[in-house]
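Notes for the one structure printed next.
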Amino acid sequence: MADKYIVEEAEALAKRALHSPIAQATPIYEQLLSLYPTSARFWKQYVEAQMAVNNDDATKQIFSRCLLTCLQVPLWQCYIRFIRKVYDKKGAEGQEETTKAFEFMLNYIGTDIASGPIWTEYIAFLKSLPALNLNEDLHRKTALRKVYHRAILTPTHHVEQLWKDYENFENTVNRQLAKGLVNEYQPKFNSARAVYRERKKYIEEIDWNMLAVPPTGTSKEETQWVAWKKFLSFEKGNPQRIDTASSTKRIIYAYEQCLMCLYHYPDVWYDYAEWHVKSGSTDAAIKVFQRALKAIPDSEMLKYAFAEMEESRGAIQSAKKLYENILGASTNSLAHIQYLRFLRRAEGVEAARKYFLDARKSPSCTYHVYIAFATMAFCIDKEPKVAHNIFEEGLKLYMSEPVYILKYADFLTRLNDDRNIRALFERALSTLPVEDSAEVWKRFIQFEQTYGDLASILKVEQRMKEALSGKGEEGSSPPESSLQDVVSRYSYMDLWPCTSNDLDHLARQELLVKNLNKKAGKTNLPHVPAAIGSVASSSKVVYPDTSQMVVQDPTKKSEFASSANPVAASASNTFPSTVTATATHGSASTFDEIPKTTPPALVAFLANLPIVDGPTPNVDVVLSICLQSDFPTGQTVKQSFAAKGNPPSQNDPSGPTRGVSQRLPRDRRATKRKDSDRQEEDDTATVQSQPLPTDVFRLRQMRKARGIATSSQTPTGSTSYGSAFSGELSGSTG
C-alpha cells in the first residue's frame, strides 16, 4: 500500500502538470488528488489552473470538493479571489454575495494563526461599501466594529496591527466613546497577544507542506506527529479562557488541520472521535469514524472502535453491521471471537452458540475460537459441562498445540479436577513433539507442586529432564540435579528461598555448565580437518570456559602480548569476524550471554592484541581444543618444575616444553628419543585401544610417538604459544 505513496514522484507530477495545458494537466491532478486528497497545495494549483482559463464551472466544482477538508489559508484566499472576480461587477447583489463568502470563510478558518490578511481584506471590503445615507453609514460602522472585535480576539500574526487599526477606527468614529471601548477590549487583546506568542512556538514546528502518507516510522514523521500532539494539547487547554463554543471551534479546526498531514494515522482519527464523544457530540463522532474508515478502510482497530461506540449508545444494528463488515473483509479467528462476544452481549447465549457451530466449520477457525467460546460458557453462562465438552472436542483437533493444552489445564484447575489434569498432561506429552513440550512440562511440574506429593514432583522433574535432554542431540544424557532445581521447586510467585546474589551466581553457573556440555564430545581431535569443515559450515560456535580465565591487566603490556605471535594475532584478527558471523547466522542468544561472564580486562586485552601478517588458524577449532583440554593448575606446574628445576619464564615464547629440552644434556635427549623409538609399537597399540585423552600435553606426546621419525626428517608442525583466552602456554607438534 505504501509503495504508491512516493512523495518525490508526486512532486514531479505536480511540477509537470503546472507547465502543461489544462486538458493534459487535469488527469494528472486527478491522479495526484486521489492519492493525496488533503493536499491543499495540489488543490490550489489545480483550481488556479482552471481559473487561468476562466473555467468557472470546473472551478466551483473543485472548490466544493476541497474547501471543507483542506482548511488552509492560501487555498481559501484563492476561493475569495474567485468569488470577488465573479461578483464584483454585479452591484448590490454581488456585494451581498461577497459579504456572505467572507463570513463563510472566516467561520471556518478565521481562527487560523495566518488568517490576519483575510481579516484585513474583509475590513477593507466593508469600508469600501458605499453608504447612501446616514443609516447605511451607521450600519456599515457597526458591522466594522463587530469584525474588529472578532479579529483582535483571534491570536494571529497580525493581531497587533489589527489592534492599531481598531484604535484608529474608534477614534475616527467618536473620540469620546473610543476611550471606553478601547479600555474594555484592551485586556482581551493582551490575552490574545500572549496566546499568539505561545501558539506561534507550536505552529513553527509543523511542516504545513507535508504530504499525507501512511506512517513508515521515519524520524520526520515522528517529529511531525509529536508536534501535532503538542499543538492539539495546547488548544484543548483553552489558554485564552474563551467561551466553550469558541474553544470547541478552535479544537475542531486544529484536528481538521492535523488530519491534512496525518490523514493515514488511525490514532489521530480515534482521538478526534473520542474527543467528540467526551464533548457530548456523538453525531459528530459518528461522522469522524465514517471519514476515518473511508481514509483507512483496512483498519480493523477503527472498525472495532466504531462498533464499540455504536454499541455503547444502544445502536445494536449499526454495531452488528460493522462486525459483519469486519468478517466480510478479513475472516480470521479474532473476527470470529469478537463477533461471538458481541452476539453474547447483544442477543444472548443462543445466538452466540449458533454462530459458534457455524464458525468452527470455517477454514479460518483455529483453536483460539474453541478456547474463547469455552471460556465464555464457563465464566459468563456458568455452564462448566458445556465448556468441558467444547474443550474435549477441540482437543481432537488441536492436541499438537501447547497453548491449547495449557488453557485446557487452566480450565480443569479451576474445576479442581486433578485427575483429569494428570490425564490431560500424560495424553499431551505422549503426542507433542519434544521441541514444543517444554512449557507443558513446566506446567505439569507446577501442577504437581500444588496437588502432588514430593515423590510425584521429583518423578515428573526427572521425566522432564530425560525428555528434554534428548531434543538436541542423540546420545546426550539427562542433566544432573542442581541447586537450581531446589530453588525452582521451593519458590512461590516472587518469593525465593535465596538472595538475588545467589540467583545471579546460580544463573552464571548454569550458563557455564551449559556452554561446557553443549559441545562436549563433538570435536574429534584425530580428524582436525573434518572438525574445521564442520565448524565453518555450522552456525554453532564453541565458546571457551570463561570460568578458568586469568585476569589480564591491560595497563601492563607483557612481552607475550607484544611478541610477534601468529596464534595470538590470528585470534585478535579473527575474533571480531567470528563474533559477527555468530550474531548474523545464529546462536545469537548464546553469544549474547558470553560477554556477561567475560572480565572487562580480558576484553581490553583482546582488543589491544597486535595485528600480525601471516597464516592464521581457525579460531573456533583452537577454542574447541582448549575447551576440552584439562590444563594443569598453577600449583601443579610449580610442583612439576620444582622436581626438574626452575620453571621457564612465562615470557619465553618457546613454552615450557622447549625450555626443559634446552636444559637437558645432549646424551639425555638422545636417550629419550631412543626410548621413544623402542616404545613406539606399544604406545600405538595402547593409544588405539584407549579413548583419546583430553589433556593437550598427553595428546602431543601421542602424536609425537606416532610421527617422531617423519617429523625428525621433515620439520612440519605447528606450535601453539598459548591461549589468548586462558593466558596459559601450550605446545603441540604433529
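Each residue, glycine too, has its Cβ placed from N, Cα and C.
The model shown is predicted, which means the values in this text are computed figures rather than measured ones.
The feature compositional bias 'Basic and acidic residues' is assigned by Swiss-Prot to 664-677.
Residues annotated as compositional bias 'Polar residues' in Swiss-Prot: 709-734.
Residues or ranges marked as region 'Disordered' in Swiss-Prot: 637-734.
The annotation repeat 'HAT 1' is assigned in Swiss-Prot to 20-52. Over the repeat 'HAT 1' (20-52) the predicted model carries a mean pLDDT of 96.
Per Swiss-Prot, repeat 'HAT 2' is recorded for 54-85. Across the repeat 'HAT 2' (54-85), DSSP classifies residues as 24 helix, 0 strand, 8 coil.
Sequence annotations record features per position, and here Swiss-Prot assigns repeat 'HAT 3' to 93-128 based on sequence analysis. Long-range contacts of the repeat 'HAT 3' (93-128) within the same chain, counting only residues at least 6 positions beyond its ends with a Cβ under 8 Å from a Cβ of the stretch, are 67-68, 71-73, 76-77, 79-80, 83-84, 86-87, 140, 143-144, 147-148, 150-151, 154-159, 161-162, 165, 196, 199-200, 203, 249-250, 253.
The annotation repeat 'HAT 4' is assigned in Swiss-Prot to 139-172. With a cut-off of 8 Å between Cβ atoms, the residues of this chain six or more beyond the repeat 'HAT 4' (139-172) that come close are 106, 110-117, 119-120, 122-123, 126-127, 129, 131, 178, 181-182, 185, 188-189, 192-193, 195-196, 199-200, 240, 242.
Under the heading repeat 'HAT 5', Swiss-Prot lists 198-237. Using DSSP to sort the residues of the repeat 'HAT 5' (198-237) gives these counts of helix, strand and coil: 24 helix, 0 strand, 16 coil.
The annotation repeat 'HAT 6' is assigned in Swiss-Prot to 246-278 on the grounds of sequence analysis. Under DSSP, the residues of the repeat 'HAT 6' (246-278) split into helix, strand and coil as follows: 29 helix, 0 strand, 4 coil.
Among the features that Swiss-Prot reports, repeat 'HAT 7' is placed at 280-312. Within the same chain, residues 1, 263-264, 266, 269-270, 272-274, 318-319, 322-323, 325-326, 329-330, 334-335, 338, 342, 345-346 sit at least 6 positions outside the repeat 'HAT 7' (280-312) and bring their C-beta atoms closer than 8 Å to a C-beta of that stretch.
The repeat 'HAT 8' annotation in Swiss-Prot covers 314-345.
Summarising the annotation, Swiss-Prot assigns repeat 'HAT 9' to 347-379 and lists sequence analysis as the type of evidence. Here the repeat 'HAT 9' (347-379) has, by DSSP, the following mix of helix, strand and coil residues: 24 helix, 0 strand, 9 coil.
What Swiss-Prot lists as repeat 'HAT 10' is 382-414, and the listing cites sequence analysis. Here the repeat 'HAT 10' (382-414) has Cβ contacts under 8 Å with residues 367, 370-371, 373-375, 420-421, 424-425, 427-428, 431-433, 436-437, 439-440, 443, 447 of the same chain, all six or more residues outside its ends.
Residues or ranges marked as repeat 'HAT 11' by Swiss-Prot on the basis of sequence analysis: 416-450. Residues 399-400, 402, 405-406, 408-409, 456-457, 460-461, 463-464, 467-468, 470-471, 489 of the same chain sit 6 or more residues outside the repeat 'HAT 11' (416-450) yet have a Cβ under 8 Å from a Cβ within it.
Remote same-chain residues near the repeat 'HAT 12' (474-505) are listed as 449, 457, 461-462, 465-466, 517 (criterion: CB distance under 8 Å, separation of at least six residues from the stretch ends). Taken from Swiss-Prot, the feature repeat 'HAT 12' applies to 474-505.
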Q.
Ranking 20-52, 54-85, 198-237, 314-345, 347-379 by the number of C-beta pairs under 8 Å to the repeat 'HAT 6' (246-278), which range is first?
A. 198-237
Q) Excluding the flanking five residues on each side, which residues at least 6 beyond the ends of the repeat 'HAT 2' (54-85) place their CB within less than 8 Å of a CB in that stretch? A) 22, 37-41, 43-44, 46-48, 97-98, 101-102, 105, 108-109, 112, 114-115, 117-118, 121, 208, 253, 256-257, 260
Q) For the repeat 'HAT 4' (139-172), what are the DSSP-based totals of helix, strand and coil residues? A) 28 helix, 0 strand, 6 coil
